[in-house]
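Feature annotations, reproduced from TrEMBL:
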DOMAIN    93-290  domain 'Cation efflux protein transmembrane'
TRANSMEM  89-111  transmembrane segment
TRANSMEM  117-141  transmembrane segment
TRANSMEM  161-184  transmembrane segment
TRANSMEM  204-225  transmembrane segment
TRANSMEM  268-286  transmembrane segment
Amino acid sequence: MEEKEPLLENQRIERRRTSDPRLILTNKAGFFTRRKRLKKLKEFYENQDRLIENYHIDEQCFNKSDFDHVAIEMARNEMNKKGQRMDRLMARIIFGLNVVLLGANLMASILSHSYSVVSAFIDNAMDLTTSLIVQTSVWAINNTNMLNYPRGRERLEIVSVIVCSTIMGVANIMMIVQSAQAIISNQNFPGPIKNKLFKGQSRSYNTTISILLGGIIIRIILLAICYSKSSQGCKLMGLDLRNDILTSVVALTCAVIGDRYWPLADPIGAIVVCSFIAISWMANVFSTIPLMIGRRAEQEAISRILRIAIQHDDKIKHIDHMMVYHLGNVP
């Protein structure tokens, strides 16, 4: 045994050196190849540092023999309450903004007779629906009896994501069909004004431009606030705001281009915007459903839970099988 151990150790060293030659930075590699490898190495070490930091946090929770489950549960509930308060505040602000912009976009749609502006109005009307759904889900989470729903209340937020995504997808598909019919029938603008968008109406032109630009600026500010938070509700509202900004920008651009340069740009712009929104929301549905049906957790979460399970008691020698999966928006 004493003679075989050095041989085995040498084999381990040789295998470690040649296991993954892609991670070896040499001068023979090109500039972009070296940058790609350096980026992967940086991501690897960042993930390792984050995992080690999480290990330390887990050790602090288990540094006593009599682990205080009540204190940890109270701290977790306090963090959840803070996130829910922020979700509720942002939902109310966005709901009030959408109510104001709904009337403003309706006025802009009547003045412009533009398919792109009408698509922005429809998107804004759907925003009110999604805001109501988010507010209802947050209220239900806070006011549902914990004894009747001890572990299922958080899933209601995921259900609201699926409902909002379905509504937005269907509404935008209907707008795509209407715009395509307008292109086929050569009706570039609905209503009595055809190919005369804003012509001779400088006041209407300025009003429409001001409405769309004002909505874009306010939504950009709210988008930055939502992306700075980590809750599922803020992420949902941030996705909605991002789509609203894109809708308003493309609606304004295509309406002006369709009036002054190319009439078909207006319905085509509406199709492009609605297609992007429908695809993004349906993709959000497909990424959310696995969280509800129990998708396997990420490797980092599995590593942390496995380490806690095998180290929290000296009597545990090995673990035969472990399953870590999602139950809602958290593993």
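Each Cβ is built from the backbone N, Cα and C atoms, and glycine gets one as well.
Heads up, TrEMBL stuff is auto-annotated, nobody curated it.
Since we're looking at a predicted model, the values are computed, not measured.
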Contact yes or no, the transmembrane segment (268-286) and the transmembrane segment (161-184), 3+ Cβ pairs under 8 Å, gap 6+: yes
At a C-beta cut-off of under 8 Å, are there same-chain residues at least 6 beyond the transmembrane segment (117-141) that contact it? List them, or none. 84, 87-88, 91-92, 94-95, 98-99, 101-102, 105-106, 108-109, 153-154, 156-157, 159-160, 163-164, 167-168, 171-172, 175, 179, 190, 208, 212, 233, 236-237, 240, 243-244, 247-248, 251-252, 255, 270, 273-274, 277
